[in-house]
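J.: Structure incoming, see below.
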Amino acid sequence: MAAGKSGGSAGEITFLEALARSESKRDGGFKNNWSFDHEEESEGDTDKDGTNLLSVDEDEDSETSKGKKLNRRSEIVANSSGEFILKTYVRRNKSESFKTLKGNPIGLNMLSNNKKLSENTQNTSLCSGTVVHGRRFHHAHAQIPVVKTAAQSSLDRKERKEYPPHVQKVEINPVRLSRLQGVERIMKKTEESESQVEPEIKRKVQQKRHCSTYQPTPPLSPASKKCLTHLEDLQRNCRQAITLNESTGPLLRTSIHQNSGGQKSQNTGLTTKKFYGNNVEKVPIDIIVNCDDSKHTYLQTNGKVILPGAKIPKITNLKERKTSLSDLNDPIILSSDDDDDNDRTNRRESISPQPADSACSSPAPSTGKVEAALNENTCRAERELRSIPEDSELNTVTLPRKARMKDQFGNSIINTPLKRRKVFSQEPPDALALSCQSSFDSVILNCRSIRVGTLFRLLIEPVIFCLDFIKIQLDEPDHDPVEIILNTSDLTKCEWCNVRKLPVVFLQAIPAVYQKLSIQLQMNKEDKVWNDCKGVNKLTNLEEQYIILIFQNGLDPPANMVFESIINEIGIKNNISNFFAKIPFEEANGRLVACTRTYEESIKGSCGQKENKIKTVSFESKIQLRSKQEFQFFDEEEETGENHTIFIGPVEKLIVYPPPPAKGGISVTNEDLHCLNEGEFLNDVIIDFYLKYLVLEKLKKEDADRIHIFSSFFYKRLNQRERRNHETTNLSIQQKRHGRVKTWTRHVDIFEKDFIFVPLNEAAHWFLAVVCFPGLEKPKYEPNPHYHENAVIQKCSTVEDSCISSSASEMESCSQNSSAKPVIKKMLNKKHCIAVIDSNPGQEESDPRYKRNICSVKYSVKKINHTASENEEFNKGESTSQKVADRTKSENGLQNESLSSTHHTDGLSKIRLNYSDESPEAGKMLEDELVDFSEDQDNQDDSSDDGFLADDNCSSEIGQWHLKPTICKQPCILLMDSLRGPSRSNVVKILREYLEVEWEVKKGSKRSFSKDVMKGSNPKVPQQNNFSDCGVYVLQYVESFFENPILSFELPMNLANWFPPPRMRTKREEIRNIILKLQEDQSKEKRKHKDTYSTEAPLGEGTEQYVNSISD
């Protein structure tokens, strides 16, 4: 025993001396060469050892990427105080330090060996470790260093900010152990824990692994055994009594560039207990290293290529502090990019999932709580390893670049909302719409126009229907848009027509609403815009009591259900029975027709009202029947029987016109050809094609040189809104408009042309603008070559007497027939009796054109007289017909139908005569025109923004160019619309402004195109009787400019009978035939070209094929 004791004391003395020498060194005995030699180490070696500690592999004797094993050795030593301490030493080669990790795949900014690792961590302070009676073990509870990216490091150098201000440091009270603790017990515990886990891991990764991490130690002396027993007792007490101080204090930061090799690190805010999850929810850390290896999904960071099998710490957001226990208990894995890419198995083995090895590699003893946490983590890691599929490392996921972006704290920014295209909000931006929160309390519907009394305006914003109000925003010419708010409590009736072609709602309100609207919209009779809600005008009260909203399209079932439910709720709220009613298409169409006629009939003089009183019931019904046919918005047959067809099938190109090598060819497809079916709207391709066809095929060379036709897209592009551009901020709105189309006229000077044609499309409706004589600065009068003064005076007196006598005889002979009386009365009340020009009476009989015209008029009058009275004599009817025909021609301004000595005949007269003689249907149409025509209807509803309107009381000589010695050519803009509706003054204004800028660009000087210089007018032109032929009428307007040219441009202008309406019934088929014929011709040309240049077949065979193709 004595010898044993002496031997033990001698060993203790030797051990204490070696420990004293070790403590005297700068690194406190922790160096790269673990031995008890007396060699000194440099400060640089100490720095490198600190770096090596961070990359120590946890498996004992595990192979590195270079095939070398790590030597690990455990010893029990005693300090000068007589305490026995367990130390574990691991030697790591310097070549495996972080020097080789520069430019690693995860984008981390690793430091070289000449820099301390603490300079690149988030906190420069390291844990002070465990102190055993004055002996400080530096790496007992070392915080896992979180390495920052290069971007964060550069930011820290600029801002000196590493933590958010609310993150505070948690100080740790070191654990002090009493002397003579049971070291052997700690060894035994550690060996048992590793022997339970490592065999399972060895089976999983199928690699040879040692059952124990520690090498066998020599037998301990009895004194050492006694110390181990004491340590075991202390360990049980520590599990219950030892607690760590979690008091927080201000965060102490040191400069990231001040630490030197011998400088001691300070405490960090992460303890052993917090790291292993005992107090996870209270850990005030802002960066958590999460290495959940359950799925082995390897993500790229900072755009670097990831190595398969490399473990990347996940830097989470500040909101993710409260992490579950399982996340923090995941194994912590550190690896470098010098691992072999092809040796995945060795890499898996070298990166141990056991945190126990990492703990045991520290020279400080483990407490009971730490040991329990290690065992728990080891078991969980083993279960996760079992669930990993064998090929999981091959299945890598690559995130987009934007998803990999990080903010200044290393947090992901993929939650940043993406910039989306601007869409119209379903709720209005003002406070009124905020009251409509429920989808069944409000609905937003697209409406095309509104009519209040005789006021007609287009809408620029969708209409909002709510339980409390209806919000309408309409366009006001030359002013800012007007917003109307109708309180639903003031409504008394709502009638709804929801058919596909005419979705319209009729609202009725109390008189105060109409008065408010009259003031807000500035409605007055001087401007011929008013509403008569109080019944002052008995004839128009019914039509003017509505507030009419015409929708853009028919409502789908869900929208219709919401709309009707809102209207019903309004009726219940107002306590009005039968508040909401549905009306059929016929009634809705009739009301719209009546509203259109209301304006025209209202502006008539008292003469027109007296004339209405004289009309009989039969004649009145005939007028109403024709009015319905003329002004009906839609054909009833089309609504009830014919539906729009939808083009189905592949789109094939039919023709290119003009064909190559000509420039500016327009491609026409079979889908475009489908637009020529009855009831379909013409598209821009057909419009542009036919206008170009007219110029190139039908017009004479001199006529084509006098005109310029813009594309149907010109006005849309001119008036198109664009995003703000810094280059155009200083330009006016007129210059911005012109800039969009400035290249359209780079090869043409439009001011050298006589006519500029601009097809326009607004609200799915085609109409035509004609800029006449843009180069003239003032009206120009020229002698009328067809004017003969003597013939006019002589013929006027002769025809006037004959008209009076014949009319008187007709009065006597037809006095017994009440149905004919209105017609005769109407003729006697005319202001003028128009003369028929004829210098040579003998030429009347010899001229076949005169005979042909008289025959057609006789045919038309026969039908009139037959309708008026079957007993009327034929000669009297002939006299009446001559008078009516003469008057009709004079009032309508048909220059070509005057029978002058110059024998002037143009295209319109030929067309009219042909249609009159070909069918009885054309005669019936002429009959309707003759009966219903009245001088008071001249130039009705002509409107313009400059006030140059048609006069109601204009004489019948207006438009009679052949009765005046001069003809007028003046700059003007004519708007030809086949559906007489709103004033297009804004269109005229925009075209004027374009001409001003274009003149300045082309001529280099400024010129005014104001309303005094360039007048605007809406001439009365033939009107369509359906809702789909507007494009066809636009094409005919252009064609009639050359078939029946306008010689005098005095305003106002009446072109109501410019061309016969029956022609429009065959216009679509005419255009279709032109396209098909061009297709056939171009197909033959292609075949001819192919056969001519074919070298595969012999010459004779090729010629035969060409002949056959021509015959086909």
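Just so it is clear, glycine is given a Cβ too, placed from its N, Cα and C backbone atoms.
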J.: Can you dig through Swiss-Prot and tell me which residue of S154, S335, S392 is labelled phosphoserine?
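T.: Among S154, S335, S392, the residue Swiss-Prot annotates as phosphoserine is S335.
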J.: Check the candidates S35, S255, S336 against Swiss-Prot and report the one noted as phosphoserine.
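T.: The phosphoserine feature in Swiss-Prot corresponds to S336.
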J.: Annotation SUMO2 cross-link per Swiss-Prot: which of the candidates K528, K628, K826 has it?
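T.: Swiss-Prot records SUMO2 cross-link at K628.
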J.: Look up S42, S901 in Swiss-Prot and give me whichever carries the note phosphoserine.
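T.: Going through S42, S901 one by one, Swiss-Prot annotates S42 as phosphoserine.
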J.: With Cβ-Cβ distance below 8 Å and at least 6 positions apart along the chain, what are the contacts of H765 (active site)? List them in sequence order.
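T.: Listed in sequence order, they are L979, C1030.
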J.: State the count of C-beta atoms found within 10 angstroms of the C-beta of C1030 (active site), not counting that atom itself.
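T.: Its Cβ has 20 other Cβ atoms within 10 Å.
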J.: If I take every residue in the region 'Protease' (666-1112) and average their pLDDT values, what number comes out?
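T.: The predicted confidence over the region 'Protease' (666-1112), as a mean pLDDT, is 68.
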